[in-house]
Amino acid sequence: MLGHSPATPYTGTVNQTPAPLPDAPDYLQRLNPEQRMAIETTDGPLLVLAGAGTGKTRVLTTRFAHILLSGRARPYQILAVTFTNKAAREMRERIGTLLGEPVEGLWLGTFHALCARMLRRHAEYVGLSSGFTILDTDDQLRLLKQVIEPLRIDSKRWPPQGILGVIQRWKDRGLTPERVTPAEDCDFADGRCRAIYASYQARLVQLNACDFGDLMLHVTEILRTRPDVLAQYHRLFRYILVDEYQDTNTIQYLWLRLLAQREGQQSNICCVGDDDQSIYSWRGAEVENILRFERDFPGAAIVRLERNYRSTAQILGAASGLIAHNDGRLGKTLRPGRDDASGEKVRVASVWDSDDEARLVGEEVERLRAGGHRMSEIAILVRAGFQTRAFEERLIALGLPYRVVGGLRFYERAEIRDALAYMRVLNQPADDLAFERIVNVPRRGIGAVAMQKFHQAARDAGIPLTAAIGTMLERGEIKGKARDSLAALLNNLAQGREALPREGHVVVVDRLLEESGYIDMWKADTSIEAPGRLDNLKELVRALADFDSLGHFLEHVALVMENEESAGAERLSIMTLHGAKGLEFDTVFLPGWEEGVFPSQRTLDEGGLKGLEEERRLAYVGITRARHRAIISHAASRRIYGNWQSAMPSRFIEELPDEYVTTTGAASQTRSRGLGQAPVFSSAFPVTARRPRATDSADKGESRSGTALTVGTRVFHQKFGYGTVSSVEGNRLDVAFDKAGSKRLLDSFVEKAP
DNA sequence: GGATCGCTGATTTTT
DNA sequence: TCAGCGATCC
């Protein structure tokens with residue numbers, strides 16, 4: 001495998017560093033030789049291994065501009081793929097800046113957005129029509145439940161989410177129902193997943209809809225089976241650029257390979273990625289894709305970007321030392337791009353518990369703020385969501401402005417989903433899932449029983465729900481309140497649809513939301529959230545005006561679905577390590593580096609090396625987010641699911657090279673001085689609030705310094721109370737506590753019982 | 001249709 | 001511990 005031969009830095013078609021020509025165009029000035037190589041090696045397959053902070057985005061965008069400006073291709077002949085909308089947007093903007101004007105008609109976007117665009121052109125090949133709806137997670141699940149229901153599957157044992165997960169994983173691997181072999185289908189839902197998958201797909205076609213996975217799956221299937229369509233794209237795309245290649249899953253890989261491998265021509269595909277930052281295997285990403293690049297594209301050139309312009313030498317040293325513990329890497333060492341001998345060492349702080357940890361971080365943030373540090377340049381990066389709470393509480397208490405990144409998104413709010421459902425039915429009357437969502441919102445006296453009847457009628461006649469209800473109304477088969485309210489709703493929708501070309505989508509949607517009573521429903525709501533929801537709805541209608549049609553708007557929402565938050569606000573960010581990928585901050589806090597938290601308990605339980613290495617990459621990503629200052633912390637005891645558990649420092653802490661790290665608190669004692677010391681809280685973190693517990697223990701600890709603990713010794717722990725030492729292993733103890741049971745902990749957190 | 005009770009299970013998340 | 005869910009009751 002490629003990973004075992006990382007010796008040659010550059011292979012294949014390129015072996016000379018282009019000399020920085022004095023007459024090189026402006027946009028190529030002030031790039032380092034590796035970057036120039038990555039940009040100027042335009043033809044033939046190229047893998048750019050771009051370490052954290054090595055100017056990856058700059059290379060990608062400059063390469064794009066270079067291909068255009070050197071006359072190698074027209075803008076629409078370059079396919080540029082990213083994972084997130086944010087990355088796509090950033091690329092588009094920077095290309096515009098480089099070229100001096102915004103460029104139109106680019107094939108630049110996320111895998112899914114590009115596939116949606118392609119699928120609209122060829123939808124008929126997979127039984128859809130070009131106006132198909134893209135379902136969100138909610139709809140997917142609802143649809144799947146409908147499919148499962150008649151099968152009488154025990155939803156306790158086999159939750160629909162689980163089945164949906166199986167289906168999605170198949171889709172990630174490029175498996176249509178026909179391609180799933182019976183052998184693959186036995187582990188879940190008594191071997192009926194394959195059948196469920198098939199009927200789920202059939203229902204989607206009936207609804208003229210597809211889910212997210214289908215965007216990739218359908219297009220790949222078309223490219224696989226329609227040589228004429230494939231040839232068309234081969235002729236179109238002369239160059240392909242891929243960002244974050246290490247995150248591609250199998251279907252994305254297949255899609256790229258189909259587009260790149262052209263009969264009788266070389267593949268001008270350039271993939272940029274970093275195997276050390278692959279942290280999404282649990283989502284189907286295959287690091288193998290990047291490790292295998294040379295085999296897939298023979299004659300591929302490889303360029304390594306290793307000069308890091310982001311972080312201090314100390315931070316890079318710590319991160320590099322850590323990631324060196326992983327096997328099977330493509331091999332890459334970050335070198336400081338600038339001279340930064342004055343940089344601070346990475347700090348590792350030991351604390352008692354999560355409250356202490358939050359207090360420590362809060363104090364340090366206050367200190368930084370007082371020193372003029374920008375709040376938006378500080379981040380607290382956690383492994384998992386539950387860790388954020390302690391920090392939030394502390395920051396609120398201190399009055400420090402923060403935001404938790406990655407909470408509920410705009411599109412996930414109930415009122416936005418409702419309003420979108422109204423628009424979807426307006427746009428496509430056959431959208432049963434959307435109709436179901438709104439039929440009784442606001443209340444129209446339609447219960448489960450009535451819906452059952454409508455469904456039956458629609459199924460029998462083979463028509464959409466709205467059509468079936470329309471027929472039933474005409475025949476007088478619906479009575480009472482339901483009759484009037486449904487007639488009014490269908491009337492609103494029909495009139496809106498008819499008025500659409502005349503009055504425009506903004507006016508029509510606005511009126512539909514008003515006349516259907518949806519807006520009134522929230523006006524009548526007395527809860528505190530209601531005004532906010534009305535604001536959101538106004539915002540949504542306002543956003544409509546940015547699009548030339550309802551269809552385009554819905555497409556955008558389905559694919560982009562993100563919350564455009566007020567940027568630039570002076571707040572520190574709390575987010576997960578995953579969420580921080582691609583970002584950078586002056587100061588980064590990395591709390592919770594404990595066995596069982598980071599690496600996570602689940603990874604430890606699985607016991608595999610792969611999982612652990614991914615956690616280590618996550619740690620690497622965390623450290624490399626910091627420009628100037630990284631502060632790692634670990635607590636000796638943490639409350640997990642309601643009870644206190646003692647925690648060992650993360651193995652990743654031990655893996656940091658000593659010369660780049662300074663430790664404060666208990667870890668420093670255990671790392672360098674060994675047994676018998678109580679936690680000492682470093683003066684590096686000036687204590688403003690009094691911490692009686694910690695201080696007490698430190699004092700007592702010092703008074704008995706030098707006393708070795710042996711098996712049978714009676715000890716006292718601040719949280720667990722009294723206990724007896726049952727084994728000693730270096731500085732690690734097993735203690736049988738009288739009340740709290742048996743725990744494993746660092747000797748420095750207990751003291752000899754009086 | 002809405003409130004209440006008890007059970008369960010609890011990383012990481014984009015599109 | 002505690003939120004989120006489904007079942008149950010009014």
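Heads up, the Cβ atoms here are built off N, Cα and C, so glycines get one too.
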Out of A:1-27, A:460-486, A:514-540, A:676-702, which range is noted as region 'Disordered' by TrEMBL? A:1-27
Using the Cβ center of A:Ala50, A:Gly51, A:Ala52, A:Gly53, A:Thr54, A:Gly55, A:Lys56, A:Thr57 as the ATP site position, which other residues in that chain lie within 8 Å, going by their Cβ? A:Val59, A:Asp274, A:Leu305, A:Asn308, A:Arg310
Counting across all protein chains, other CB atoms within 10 angstroms of the CB of A:Gly53 (ATP binding site) number 22
Residue, out of the binding-site residues A:Thr54, A:Thr57, whose Cβ gathers the largest set of other Cβ atoms within 10 Å: A:Thr54
Which one, from the binding-site residues A:Ala50, A:Ala52, has the smallest tally of other C-beta atoms lying within 10 Å of its C-beta? A:Ala52
Taking the binding-site residues one at a time (A:Gly51, A:Gly55), which has its Cβ surrounded by the most other Cβ atoms within 10 Å? A:Gly51
Where A:Gly55 (ATP binding site) falls in three-state DSSP terms: coil
